[in-house]
Amino acid sequence: MLRLCLSALLSHWRRHPLQGISILTGLWLATALWTGVQALNDQARADYARANALLAGAAQTQLVARQGERFAQSAYVQLRRAGWPVSPVLEGRLRFAGREPVSVRLLGIEPLSLPADSSVAGQSTQGFDLLHFLTPPGQAWVAPDTLQRLGLKPGDQPTSADGQRLPPLAVQAQLAPGVMIVDIGQAQRLLQAPEQLSRLLLPNDFARTLPALPDNLRTQLQLQPAADNDDLQHLTESFHLNLSALGLLAFLVGLFIVHAAIGLALEQRRGLLRTLRACGVSLRALIGALALELGLFALIAGLAGVLSGYLLASLLLGDVAASLRGLYGAQVAGHLSLSPQWWLAGLGISLLGAALAGLNSLLRSAQLPLLALAQAQAWRQAQALWLRRQSALAIVLLLIAAACWRWGDSLPSAFALLASLLPAAALVLPALLDAALALLSRLCSTPLSQWFIADSRQQLPALALALMALLLALAASVGVGSMTEGFRQTFLGWLDQRLSAELYITPRDTRQGLAMRRWLDEQPGVEAVLPQWRLELRLQGLPVQLQGMLDHDSYRQHWPLLEQQPDAWASLASGKGLMLSEQLARRLKLHLGERLALPTTPPSPALPVVALYADYGNPRGQLLLNDELLRRLWPGATLSSLNVRLPAEHVPALKAQLQSRYRLDSTRLVDQGTLKRWSVEVFERTFAATAALNSLTLSVAGVALFISLLTLGQSRLGQLAPLWALGVTRRQLAWLSLGQTLMLAGLTVLLAMPLGILLAWCLVAVVNVQAFGWRLPLHVFPMQLAHLALLGLFTSLLAAAWPLWQLARRQPADLLRQFADER
Amino acid sequence: MLTIQNLYKSFPTAQGPLPVLRGVDLQLPPATSLALMGESGSGKSTLLHLIAGLEQPDQGSILIDGQPLHSRSETERARWRRENIGLVFQQYNLISSLDTASNLSFQARLANRHDRTWSTYLAERLCLAPLLQRFPEQLSGGQQQRLAIGRALAARPALVLADEPTGSLDETSSEIVLELFLQLVHEAGSSLLMVTHSTHLATRLNRRLQLHLGRLLPGDA
Amino acid sequence: MNAKPVLILLALLLASCDPPAPPSTGFAGLGQQAGEFAQVERGHGLQFPADHGAHDGFRIEWWYVTANLTDSDGRSWGAQWTLFRSALRPGGEQQGWESPNVWMGHAALSGPFGHQYSETLARGGIGQAGVAVSPFHAWIDDWTLRSLGGDGLQQLEMHATGKDFNYRLQLRSDRPLVLHGDQGYSEKSGQGQASYYYSQPFYQVSGEIERAGQRFSVTGQAWLDREWSSQPLAAGQSGWDWFSLHLDSGAKLMLFQVRQENAAPYRAGTWIAADGQATPLKPEQITLTPLAWTRLANGRRVPTHWRVALSQPTLTVEIQALLPQAWMGTRFPYWEGPVRISGDSNGRGYLEMTGYAP
């Protein structure tokens with residue numbers, strides 16, 4: 001029975017292939033966008049996990065220096081000879097010069113002492129090719145992706161920017177991207193840190209029964225317990241949430257298509273369903289057949305969707321990886337390697353989508369009365385009821401949105417705000433359009449214009465879903481576009497102010513930095529040398545960058561402050577105040593004037609926060625204090641960079657002198673223009689993937705509109721034929737239809753603008769604050785809005801063109817049939 | 001004066017062209033009525049469609065006051081339809097998005113020949129006056145057909161073409177509606193060409209012609 | 001005793017993730033060509049205390065102590081302390097991480113509570129492991145074998161820690177060192193493979209052991225082996241069986257056989273009279289017969305019951321493992337454990353067996 005039933009049902013698609021294609025397309029697009037985004041997230045998360053598993057991650061209990069970043073190797077030997085099964089690691093950044101300078105995270109490991117249960121690059125420590133790794137020339141392990149980024153091949157022995165020759169490169173597929181692993185001895189040579197170590201790893205079982213450190217080491221080293229959560233995972237969470245939200249939006253837009261097409265197919269098969277029931281097919285068999293049919297669609301579309309999702313993700317991955325590098329310093333591979341679970345999940349989401357979109361139709365089929373009503377329900381009443389219901393639902397959602405805005409203070413609540421606001425706007429759209437049309441109809445006096453408006457209102461239910469999709473996609477474009485553009489302007493303005501020095505120097509180490517500073521002070525033309533002392537530590541579990549600031553007018557004039565107390569710079573200079581980056585202040589929940597105690601030994605008095613400043617793009621919280629205070633409290637602070645002020649015409653000469661005197665390559669000696677260019681490039685790539693996803697969503701909405709218009713085409717004939725008979729030409733009718741579509745789309749576009757601006761406000765004032773810790777001013781860009789509005793109209797025009805072309809080409813016979821056939 | 005000369009029309013089918021009209025000649029003087037009869041598939045509706053300019057003949061000509069209809073462009077034919085033809089079909093083909101009043105005056109206004117007094121009169125005669133604010137789906141079958149008749153006559157067209165105008169109504173209603181229809185056609189001063197298979201109804205018209213296998217049978221049916 | 005695990009070390013380093021080295025290169029890579037490493041030569045002679053220290057020109061080397069102990073309740077224990085040095089490449093010692101030396105320590109304690117062992121590795125050149133000559137001190141991490149006085153090896157303290165066990169033993173002997181083979185030149189095959197090899201088999205031991213949180217005072221006998229070479233095994237030699245035996249008469253006996261593919265085992269040994277007089281044993285004087293095999297928990301089969309027969313002096317004894325499961329599951333695994341001697345003479349000692357495939 002099921003088979004017979006199914007074959008009867010499936011015969012429908014032979015007669016209406018377009019509906020079948022609609023359902024497949026909708027599911028396909030929805031699945032593709034969603035799985036694509038998930039692929040990006042999965043890849044990134046897998047890479048964080050690989051990076052975290054790299055012995056140096058937070059997952060392992062470690063001994064680290066109390067002061068500064070490194071300590072003497074003798075501590076390792078001493079501890080080993082005291083029976084501590086520690087293993088040494090030296091970590092640093094290794095730079096490579098080039099047109100676009102690249103740096104990798106270099107990890108020096110000692111394979112013989114690694115805890116037996118640890119693994120490096122997916123190999124257990126017992127399975128190493130020790131002979132090649134340890135004996136000259138040694139090996140440098142890199143992931144295939146990193147090798148590609150460096151433009152090198154296995155076996156190459158490149159030279160670092162500091163002039164050190166690397167061991168031959170060897171590919172380790174399991175290695176985290178952006179990481180290079182060498183023997184510890186090689187690392188000390190490459191990083192020019194002889195007999196220096198960054199950390200000592202402790203096997204987990206030993207860490208549990210930890211004996212006390214020897215006295216002489218207690219002042220040098222401190223224990224850093226294994227932390228469950230990974231900073232990177234935590235920091236990038238918001239980014240991935242953003243991606244997921246975009247993916248979800250696209251998924252929903254795709255489901256609109258499916259829902260519309262399935263609903264239409266059911267509507268047209270009402271008669272068939274009744275006949276089947278009347279012939280003795282049980283309700284259960286009928287519903288089973290319908291569900292099976294739906295499952296078949298989901299399976300086919302799901303397969304295509306997952307494949308396209310993979311393709312999409314591989315196209316976007318480069319940009320996403322660049323974003324993550326730029327925003328968080330997170331390394332993500334440029335190629336995908338996905339688990340089988342991902343593929344299965346993709347098929348699952350397709351099935352789920354089909355179920356969601358088809359549930360309503362299945363329920364309606366189940367409740368279909370066996371005996372048909374003589375007359376279909378009057379469309380006008382039905383439409384009014386439908387509009388009322390949707391509006392009621394929209395109001396409920398708006399209330400939820402308002403509650404989220406008023407009482408929410410977390411990222412999920414910010415997204416809940418968006419998740420209720422957007423559907424509410426979508427649901428209220430048909431009612432708004434209907435009202436707008438009712439208003440317009442009063443202005444119409446000619447019969448055709450009256451018909452034009454009246455008929456548009458009648459089309460509304462059929463086009464509503466597609467228009468909603470257009471509204472959402474366009475509003476998302478406007479919102480994300482305004483946010484991005486606003487961020488760009490704020491960021492560029494901030495960068496202009498912040499990058500006030502003419503030359504930025506990164507010394508190899510503090511000693512070289514001090515020497516350079518003395519030398520620079522004596523150079524003619526140099527107006528100021530501003531040293532930046534840095535120290536990384538954790539405040540309330542958060543990684544924080546402490547920066548020592550010299551008291552100098554340059555900062556007072558150029559360092560942009562968001563909020564400040566009177567004489568903020570003077571307090572900072574006298575060591576009586578701290579300045580916090582906006583995101584750090586938010587994370588620590590500190591306000592201007594409140595006090596913060598720094599984790600010094602012995603404890604030092606808490607200092608007031610005298611100013612907050614913007615520090616866009618820095619994943620870590622930053623804290624400014626007087627440089628002498630910093631070095632007094634932490635003698636191990638490093639001189640991380642020297643900012644040199646001098647007249648612009650002296651820059652090239654001084655640069656050349658520095659290059660030859662200190663053998664500084666382009667990564668360590670950067671002028672203002674280059675630094676700005678790099679920053680802007682990073683910024684641009686950061687939002688490239690977002691923009692791409694956005695325009696894809698918009699095209700999905702276009703497809704939704706296209707399919708709706710196409711499916712509408714047949715029933716439109718019944719409306720158009722009488723007009724034709726009454727003396728309106730076919731061409732006129734086609735133009736009128738196009739006008740109707742454009743009017744509806746235009747009104748939708750018009751409504752999308754304020755919604756998009758509202759969305760932009762949510763993004764900058766709520767989501768960004770929760771996700772990144774900074775609040776941006778809301779900018780509205782009329783040109784951008786106009787551009788997007790035209791894009792929306794153009795999308796609608798494209799979507800309308802084909803169905804109308806079909807309509808205009810209708811043979812008279814098709815129209816005449818409307819007068820002869822059964823209704 | 002409508003003159004039809006040697007009209008041929010066939011439709012393409014999978015088995016080759018299917019001839020529907022095979023040389024029809026006909027004249028309809030102003031303000032006269034003609035019933036066109038014949039079995040299903042005899043080509044009655046096709047003839048009507050050709051006269052309305054909805055279809056193009058393969059051969060032969062349709063002359064309106066001596067002017068050939070089918071040498072005109074589609075735009076001109078549409079205009080001809082708008083200004084000179086009133087169409088009444090078996091299904092009423094009302095515009096579902098417009099109310100009764102708008103439907104009634106639609107074609108007249110389209111043709112710029114809206115006569116408010118005449119429209120009001122029509123509405124009253126057709127018992128539509130209390131229903132002017134309703135929409136087609138809120139009307140009964142008889143009401144809908146009366147509305148279609150009203151719409152066809154609102155512009156006082158020279159020629160009214162009716163295709164089984166009462167085919168969807170029961171016998172009593174169709175009697176009443178037809179009577180009203182004929183009166184109003186007369187008052188409008190229009191000619192009427194009506195397709196019907198009911199001999200009984202056909203007797204109410206001035207002339208009757210029988211269409212058989214694409215040709216008109218000679219003599220009054 | 002034991003040439004052994006050393007090889008292991010080497011192999012460990014050479015084998016990487018490849019399948020186990022083919023038999024033709026010998027157990028743990030010991031059969032590899034010596035290349036530019038220093039070669040063992042007959043008649044070279046040994047010099048003390050210098051030869052107690054490391055010989056950086058040679059590929060492999062070890063300091064090896066086994067002790068047969070008895071606690072105050074009369075229960076038998078065995079303790080092993082071994083330090084291996086292996087050079088990854090010729091060229092001698094260098095300071096820092098560039099050093100070619102890799103050090104490996106093995107420690108074991110066998111007794112009423114079973115067999116426990118531990119392993120640790122260290123790079124040369126940074127001080128994590130090494131050997132000082134005067135006063136003598138061999139160490140890796142916190143494991144030590146060091147002189148308690150004097151230039152030589154007369155008084156040593158031996159200490160190691162592993163999971164659930166540790167020991168600290170004092171070793172004393174006033175007897176001279178025993179040079180094996182021809183004045184310390186010990187052949188390992190008929191084709192010239194050899195090592196420098198000397199022993200101190202006469203240690204009297206006292207000290208403390210700790211096992212699973214319980215401490216025991218022990219006394220007993222210990223045997224120290226020193227051996228170094230660059231290629232102690234010939235191609236086709238796949239493993240060996242090594243005996244160091246303390247007879248109740250006060251005499252000591254060192255015996256080994258290197259098993260060869262397609263050939264009879266190569267056997268050699270040294271008879272050490274109670275007064276310390278050493279007599280090399282020729283291959284044909286020695287018969288070694290496995291009497292019973294033990295299937296280990298890991299599936300390998302090893303002979304843990306042997307008959308040892310000598311023709312000059314005439315001696316037939318049976319050797320039985322105290323703990324047949326005394327498997328060293330280290331990176332390069334082997335069997336090593338205390339044995340009991342019965343027959344013409346009673347006594348105790350240590351047995352080491354390598355190269356028994358799973």
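Including glycine, each Cβ sits where the backbone N, Cα and C put it.
Remember, TrEMBL labels are computer predictions, not curated facts.
In TrEMBL, the transmembrane segment annotation falls on A:687-712 of the listed ranges A:687-712, A:739-764. Comparing A:243-266, A:342-363, A:391-408, A:687-712 for CB pairs under 8 angstroms to the transmembrane segment (A:460-480), the maximum falls on A:687-712.
In terms of DSSP secondary structure, the domain 'ABC3 transporter permease C-terminal' (A:246-367) contains 107 helix, 0 strand, 15 coil. Highest Cβ pair count under 8 Å relative to the transmembrane segment (A:687-712), across stretches A:243-266, A:286-313, A:342-363, A:391-408, A:414-440: A:243-266. The stretch from A:243-266, A:342-363, A:391-408, A:414-440 with the most CB pairs below 8 A to the transmembrane segment (A:286-313) is A:342-363. Long-range contacts of the transmembrane segment (A:243-266) within its own chain (CB-CB distance under 8 A, at least 6 residues past either end) are made by residues 12, 16, 19, 22-23, 25-31, 33-34, 36-38, 40-41, 273, 294, 320, 349, 353-354, 356-358, 360-361, 364-365, 415, 418, 422, 462, 465-466, 468-469, 472-473, 476, 480, 689-690, 693-694, 696-697, 700-701, 703-704, 707-708, 711. Confidence for the domain 'ABC3 transporter permease C-terminal' (A:246-367), expressed as mean pLDDT, is 79.
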